[in-house]
Each structure stands twice: as C-alpha cells, then as structure tokens.
Amino acid sequence: MPLNELPEGCIANALSFTTPQDVGRLSAVSPIFMSAAVSDVVWERFLPRDLESILSTSPDGSRLLASAASKKELYFSLCENPVLVDNGRKSFSLEKKSGKKCCRLSARDLLITWGDAPRYWTWNSDPASRFPEVAELISVCWLEIRAKINTSMLSPTTLHTAYLVLKFSRDTYCDGLDDQPVEVAMKLDGEESCTRTVSWNTERRRGQERGDGWLEIELGEFLTKEGKDEELEIRVFDSSSHWKRGLIVEGIEIRPKQGARGATRSRMHRMDFILGIGM
C-alpha cells in the first residue's frame, strides 16, 4: 500500500514511537503526516505517565490539565512555562526535543548551612526568579549547600546533568568568590556517583549565559534506572578560609544531558518497521 493511502490513525501511531523533534520534521513530509502529527495519540505518548500525579500537587498544574485543548498544547505549555509543584518548592517542565522531565529545586528546598541565620544569609524576592524567594549570601567562611531528590521525579534510563543556578550581587563586591576550589559530590542511594571541583570565578567571567538573568555551574552527571526510585544527594562545599559574600542562589536544576539521545535511532527504525518503509 502506498504511504499516502495509509489511514491517518496508523501514521499517528507510528509517529508516537519517534520523538517530538522527529514529529516536527516528519510533519513536513506530506499533508497526511502533518494532520497525524497533531493527534492526541502522538502527544500523549510523549507526556510522562505520572504527569497527572505530578501536576495535581499544584493549583497551576491542575488548571493546566483542565484547560489544555489538546495533548500537544499541554506538551508545549510544559516545555515553555515551568509549573511550580510541591507547594512551590520545585518547578517542573519538559525538554522540548525529547519530552524528558526537567526539575528545578528552589533555594528553600535546599539545605543551606546557616541559611536561617540572618547574620549569614538573607531571603529575598527576585523578579527574575520563578520562585517566591532566593537566598543571598551575606557573609560566611564555611559555605555548604545540600540537595536531595527522588529519581522518580525524573525520566528513567536517562543521563542527567545537575546545575547550581545562581548569580552575583551587583551591590556587593563578591569577596572570597574567586578561584578557590569548590568541591561537589553526588550520591545515588548513598553510593558516590560523581565528584568534581569547580570554581566560582569561572562562571563570573563567562557572564549571563542562560539568557534569563541567571548563571549555572555544572555539578555533575548521573544515570537514572528503569523501575528504580533512588535518592540523589548533591553537596556543594567551599571550606576555604576566605570569607565569602555576594552570592545569590535560586536553586539546583536537573535536566537531561544535552546530546544524550541514544533511543532516537531505534525509535525511528521502529516507525520504519510499523509503516513497512524500507522492507
């Protein structure tokens, strides 16, 4: 049977075995592909299975579920407009190319040593932040930030990268945030998965890379496993003798590693098999 004579539902089902990026490309093949590419059958497959459970913890998420006119609209809304969940302590979104989950932990969701002591840290609102509060460093010598998250909040069998999202105060000279080494450790269920050393000053020299007023420091990578919910622990530690100030922390973001799309080729081959292309 010629490809253009296949039922639209068959093509939509085949497209659902590819990726969102592939669907965008394939929709240009022919009018029937373009029509099939907007089907709920396609975009429901790209949405996380536990999406309703995640969004139900958020008034904004519940409203989005109720108001989205289609699965495609819901998908792209989650790509472009992160939703605050877990009582506003985290934000949830999707990576546009793959549909993989992205999660940002707010500063309030982190354990910051002496974070509740006004002598050392202060909590402010920032119009550039997606969260109600950010943490601003007044002055410390011992700087330690910890985070914990269950990997069930993330996509399975995916290589992820974690980033500290921060900027530096314009009103305060960032004393002590120079080239001293900053230690980073990541553990999955208590087992070391990544250790590295980074520098505050490297990020200051790079400037505003993200385009949203924030910088990011790459903390490390880890791989989530299928059907296994593990606890990820992250520790950022600067114990140099220099007193530090002028750092503003928005949170820690975890997202799929760029370029890690090993499943794409096999999923395209699966679509070829379903449609009988190249057989």
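All residue numbers here begin at 1 and follow the chain in the order shown.
Every residue, even glycine, has its Cβ placed from backbone N, Cα and C.
Annotated domain 'F-box' per TrEMBL: 1-46, in sequence order.
As a whole-number mean, the pLDDT of the domain 'F-box' (1-46) in this prediction is 89. Counting residue by residue with DSSP, the domain 'F-box' (1-46) contains 31 helix, 0 strand, 15 coil.
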